[in-house]
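Worksheet for the structure shown next.
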Amino acid sequence: MKVTFEELKGAFYRVLRSRNIAEDTADECAEMFARTTESGVYSHGVNRFPRFIQQLDNGDIIPDAKPQRVTSLGAIEQWDAQRAIGNLTAKKMMDRAIELASDHGIGLVALRNANHWMRGGSYGWQAAEKGYIGICWTNSIAVMPPWGAKECRIGTNPLIVAIPSTPITMVDMSMSMFSYGMLEVNRLAGRELSVDGGFDDNGQLTKEPGVIEKNRRILPMGYWKGSGLSIVLDMIATLLSNGSSVAEVTQENSDEYGVSQIFIAIEVDKLIDGATRDAKLQRIMDFITTAERADDNVAIRLPGHEFTKLLDDNRRHGITIDDSVWAKIQAL
């Protein structure tokens with residue numbers, strides 16, 4: 001089915017207000033969920049909203065909590081999220097990293113006691129739109145087996161790197177081949193995964209999203225490389241925030257909350273003039289996209305460039321929502 005942005009935001013707002021969320025908080029949160037969905041990231045927008053409400057109802061998320069700065073060391077700050085709403089807090093933390101970068105050239109905010117930030121790419125994009133390089137990542141509950149194991153002991157720990165090119169170039173990637181959100185998107189659409197995304201119950205690689213969702217044997221991106229990167233990202237976020245590691249979140253909490261996150265902004269224009277920056281970025285992009293194609297009918301893609309078209313299509317033609325997901329939201 002198709003809905004407008006206003007209809008989608010209104011549905012989110014209604015549910016939030018029914019939980020006695022303050023009007024301004026409900027409006028800002030509904031706006032972020034709707035913008036994420038409008039951008040084409042259904043897995044961490046509309047599809048994730050029922051799960052967000054579940055955690056809100058369970059008390060994992062404290063909607064009136066205010067993040068507090070704990071430590072300030074020039075370009076580096078440490079904050080405690082107080083388990084506030086995840087996407088609103090993350091937006092504030094990247095804004096703070098940008099403020100620090102405007103003073104120091106680089107800004108880093110390490111956040112502890114946070115909630116799921118929904119679409120991590122929103123915060124990298126937020127920095128890149130203002131002309132900054134944006135880098136951020138989060139740890140999570142253990143939802144992926146380390147390489148060589150069957151039991152979940154590491155997080156998917158998504159990493160985002162956004163570059164202020166025209167259009168914005170951005171990598172937004174889980175440390176697994178597919179996020180659990182994308183497994184759900186493909187399952188709801190009745191599709192196999194495009195490449196192997198995990199192991200079946202017999203230990204064989206599989207493209208069946210439902211099987212992986214059930215047994216949790218999701219495949220690390222790049223096999224042992226994604227497993228290793230997940231581990232070091234967790235270590236850095238834990239140390240810089242003085243927060244909880246994947247192990248602590250998994251063993252000590254009843255669900256995924258109290259995670260640790262990193263937000264970095266770099267002001268490129270302190271290091272290079274605008275014309276030179278743009279020319280260098282354009283040369284990189286042209287060099288890549290003019291390579292001989294493996295398939296004449298398939299264009300060479302640059303990461304994140306598809307979001308401009310997805311956003312335009314959704315604004316022109318309406319936002320496609322899975323009927324079952326919409327029904328869940330209406331029932332909340």
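Using the three backbone atoms N, Cα and C, a Cβ is placed for every residue, glycine included.
Feature annotations, reproduced from Swiss-Prot:
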- His44: active site, proton donor (ACT_SITE)
- Ile168, Thr169, Met170, Val171, Asp172, Met173, Ser174, Trp224, Lys225, Gly304, His305, Glu306: NAD(+) binding site (BINDING)
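The recorded positions examined here are His44, His305; by Cβ neighbour count within 10 Å, the least packed of them is His305.
Long-range C-beta contacts of Asp172 (NAD(+) binding site), restricted to its own chain and to partners at least six residues apart, with a cutoff below 8 Å, comprise Arg119, Gly120, Gly121, Gly124, Pro158, Ile160, Gly304.
Here the Cα atom of Lys225 (NAD(+) binding site) is found 25 Å from that of His44 (active site, proton donor).
If you compare every pair of Cα atoms in Ile168, Thr169, Met170, Val171, Asp172, Met173, Ser174, Trp224, Lys225, Gly304, His305, Glu306, the residues listed for NAD(+), the longest distance is 30 angstrom. Sequence-distant contacts (6 or more apart, same chain, Cβ under 8 Å) of Met170 (NAD(+) binding site) comprise Gly121, Gly124, Trp125, Ala128, Ile160, Val161, Ala162, Ile163, Pro303, Gly304, Phe307. Separating the Cα atoms of the residue listed as 'active site, proton donor' and Ser174 (NAD(+) binding site) is a whole-number distance of 12 Å. Long-range Cβ neighbours of Ile168 (NAD(+) binding site) (same chain, at least 6 residues apart, Cβ-Cβ under 8 Å): Trp125, Ala128, Glu129, Ala162, Gly304, His305, Phe307.
Neighbour list (Ser174 (NAD(+) binding site), Cβ cut-off 8 Å, at least 6 residues apart, same chain): Thr156, Asn157, Pro158, Met221.
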